[in-house]
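Right, one structure below, let's go through it.
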Amino acid sequence: MRTHFCGELNKDNIGQTVEIYGWVNRRRDHGGVIFLDMRDKHGIAQVVINPDNADFSLAETVRNEFVLKITGTIIARGEGLTNPKLSTGKIEIKAQNIEILNTSKPVPFQIDATDTSEEVRLRYRYLDLRSDTMQNRLRLRSRVTRYMREFMDEHDFLDIETPFLTKATPEGARDYLVPSRTHSGKFFALPQSPQLFKQLLMMSGFERYYQIVKCFRDEDLRADRQPEFTQLDVETSFMSENEIMTMMEKMTRGLFKLVINVDLGDNFPTITYADSMAKYGLDRPDMRISMQIVSIDKIMQGVDFKVFSGPANYDDSRVAALKVPNGASISRKNIDKYTKYVSIYGAKGLAYIKLNKNGPASPILKFLGDEVIAKVIEMTDAKTGDIIFFGADKSKIVNEALGNLREQLAKDLDLFDTQWAPIWVVDFPMFEVGDDGSLNTTHHPFTAPSVDAKTLEKTATTALSKAYDLVINGSEVGGGSIRIHQIDMQKTVLKLLGISDQEIQDKFGFFLNALEYGCPPHGGMAFGLDRLMMIMTGANSIRDVVAFPKTQTAACLLTDTPTSISRKLLRELSVKINLPEKD
């Protein structure tokens, strides 16, 4: 029977006989004595096996990652032999009995190696998860979800499960579809979120709901996205935006303090979407970076340089400047690198002015004139030694290009403040206008606008929504809104999205019917647990905080999925595969 965990042993246990279980983290032979570093979920303890031990010959066969049961006596390590890197570094276990519970093939990589490729780590994920890093991250994740549940319970929220097999609805990404065997030719969809069901729970009178739930989105993957992801989903009736934000802020503040001992401060600041885009180029501003984007349209409207004057005179375009402190030392080679970087976001170039000791220097000086240059320097508060980058194009392109350049420069030049920086982003546009003039919701079709239905029909392109996002260190960790609770408004929004009456009835009929039976005002929020964990642990990717993640191509290297399905099963599901022809 196990008496202690490896990592819990210390000087207080000296003289005690203990029984431990675990894996061989490392095996060493020194002067005829065998040393084993035994690892379990709490840490590592050193075991020493002397040649006179009856199990010495057995110990000689032991290799890394063998699973052992060891009985022995705790003794103090000799002078000069302690290991300050281990919590157990002042003691060791003098083995009495050794039992091999299981052997191990030679492992394809050292468990705690930092140079192992991600492909190998994911293919042998069960080995990768044995590392201290992954063990600690997943334990932290467990503490986070435990705190969330406790907070929700303390505030009278009910944990209610919602269906995974549900109806396909347009929520901004492609659905994962599940064919129905019993209803030939028909499909379920895996939920992109529990959105409609949690609203139905509010209509059912539960008032406060939460769930830590898996969601599924078939979309292009990035470093911070997975096809299946986990979120804390929250919905509540009879609360305003500010009341919901205050409660969720309280939970976030307590979570960071308890789990990683970070004080996020009281009263998170708030910024409007419009200000965030104007000053930071993105709707998830990283407030650890002091650099701001400055609009310079007015002073560029009359210049002869059409690259600037053109966008400066159009309503949907802008000319903006980004000052980089001490950036004049950036080499031409790196400026070319940044020019290529902003082209990813549609920018056609990256103009700049360096403020050297001898004055401004730039290929564009001759097009602007001294007065305009002086005004730009004044508006950006630039000093000798700085560099000013420019963006001039459609507002969307300029915002994305300079917003992402701002973050990249901060990484390259180490311009981050060390303090954590939470901020609420509010007053989002209700709709985004597509290139073809069609409307798309900025969040989802169930977000309440800040105006009534009649006004919304007239001002759809400028109307704001009652939505809010929580951003920490430039990452959106949560988002929510007040929901539409009146059927006329819901129909108006769906029609503005170009959805026909028949499609509205087919896809949302059940939901619209429920709105007619005394739906309370309600709202909510969802926290992306995976992204939150990435921020709290400092991981580079969500794949590093999920036990069994998918790759960037939505594949699982461990189980070699997705896989083909037998023809027999396809026939049972009434599914026919029609693959596109290869070029």
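Each Cβ is built from the backbone N, Cα and C atoms, and glycine gets one as well.
According to DSSP, R217 (L-aspartate binding site) is assigned to coil rather than to any helix or strand. The L-aspartate binding site annotation in Swiss-Prot covers E171, R217, H443, R483.
Taken from Swiss-Prot, the feature ATP binding site covers R217, D218, E219, Q226, E476, G528, L529, D530, R531, and the record attributes it to sequence analysis. R217 (L-aspartate binding site) counts 21 other C-beta atoms within 10 Å of its own C-beta, drawing on all protein chains shown.
In terms of DSSP helix, strand and coil, the region 'Aspartate' (195-198) has 4 helix, 0 strand, 0 coil. According to Swiss-Prot, the feature region 'Aspartate' maps to 195-198, an assignment based on sequence analysis.
Taking Cβ-Cβ distances under 8 Å and a sequence separation of 6 or more, H30 (site 'Important for tRNA non-discrimination') has no neighbours in its chain. The annotation site 'Important for tRNA non-discrimination' is assigned in Swiss-Prot to H30 (among others).
Here Swiss-Prot flags G80 (among others) as site 'Important for tRNA non-discrimination'. Under 8 Å, Cβ to Cβ, and six or more positions away along its own chain, G80 (site 'Important for tRNA non-discrimination') finds no residue.
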Pairwise Cα distance for L529 (ATP binding site)/R217 (L-aspartate binding site) [Å, integer]: 15
Nearest of the binding-site residues (E219, E476, R531) to H443 (L-aspartate binding site), judged by Cα-Cα distance: E476
Taking residues R217, D218, E219, Q226, E476, G528, L529, D530, R531, which bind ATP in the record, the widest Cα spacing (Å, whole number): 20
Proximal residue to R483 (L-aspartate binding site) among binding-site residues E219, E476, R531 (C-alpha distance): E476
Secondary structure at R483 (L-aspartate binding site), reduced by DSSP to three states: strand
C-alpha spacing of R217 (L-aspartate binding site) relative to R531 (ATP binding site), in angstrom: 15
